[in-house]
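Undergrad: Supplied in structure tokens, the structure appears directly below.
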């Protein structure tokens, strides 16, 4: 057993077996087992209660996973048969280009379990797991492909305001922040155990994002997390130590949202002072202030390089910025019901009007052609950057109440980028641009998750 299980795992298994033998009223067998495995640890009522039912749960989990694997194998076999019998011409006709896919009603899944409004959602970068946070103080982990609840994560004492997956390569973590003034880190590989709590903010922590690798000049790539708070500050944390390594001040009021650039060099924040601000993540110095909204700015996002060509055309530029550069364009959404697109120097490029209530979430389409927004008017709107930002699609009644959050499933990453590469499969030198564009399209996952005051999380997928 020692060759398969660690000492800790073996001890946990022994406790679960002893608890199970107690449940089925087999004290002699339990005593014999304890003697056989030389189990001398105390086993009081609290320990017994903790481990009762664990063995049965593990067993049913294995059966459930076996069933899921079987279903996936059958589905894969069916799809492969269909693919083998389909000609390339008809395949192109039947399958929509993922770079042009937009969400449509009805949702594939409506996920129900939260008891209070949903405030945030986040996709696991690899697995089909989705985290949702709520004012009910819990985080729910879902399988978004199957539409099933996997577990409920508890630990915060007030509403959960944001969640995000990220962290060091090969060691994905889930981060959450709350009105209880704390940030918590959870380990998905260990049943979402709370591995660290980060105190330090003096008011509600509104938003968190893992900072992509290589940020802030840190040699420990992927270890940084940025948070935004009602205490008017941004804080940068090292998740390996739990220490705050930088506090960024400049906003005059509640900071509602924060978004890092793809390379981690820049941080974009905004909030109740009706401004958005771009910061150098390494020095904490302000690069630019975006002025123009007439109400609180609820959400911000930095445009990915794949959208540069379309945004440069929208801005009237002769040629787009190099794909290796970051924070060239940004978008902001406000309670004034508008979305504004800016260049990285603070020049307003376009104002998108159409929502009838607060704009609560923004995401750039991974294909680079669209900007999507979610609003308290219950809709999702899709804006075409190649058509002067015209609204080309509205998902009406996406929810029955205010849509509070929206995230796009991250692209499937097949190969690590080489030096000079930007995300979404594009290269700085353009040597293999066509090949990279095809690879980027193939990696797009046409899946969006939204959360709402109506207590529902919805999955929109192709």
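Any Cβ shown, glycine's included, is placed from N, Cα and C.
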Undergrad: According to Swiss-Prot, which of these ranges is region 'Disordered': 414-434, 435-455?
TA: 414-434
Undergrad: Summarise the domain 'LisH' (9-41) as counts of helix, strand and coil residues per DSSP.
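TA: Within the domain 'LisH' (9-41) the tally stands at 25 helix, 0 strand, 8 coil.
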Undergrad: Where else in the chain does the domain 'LisH' (9-41) make close Cβ contacts, counting only residues six or more beyond its ends and a cut-off under 8 Å?
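TA: Apart from its flanks, the domain 'LisH' (9-41) reaches 1-2, 47-48, 50-56, 58.
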Undergrad: Mind checking which residues of the chain, 6+ beyond the ends of the repeat 'WD 4' (250-289), have their Cβ under 8 Å from one of its Cβ atoms?
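TA: Sequence-distant neighbours of the repeat 'WD 4' (250-289): 203, 206-217, 224, 226-230, 232-234, 236, 295-302, 304-305, 326-327, 330, 332, 334, 342, 344-346, 422-423.
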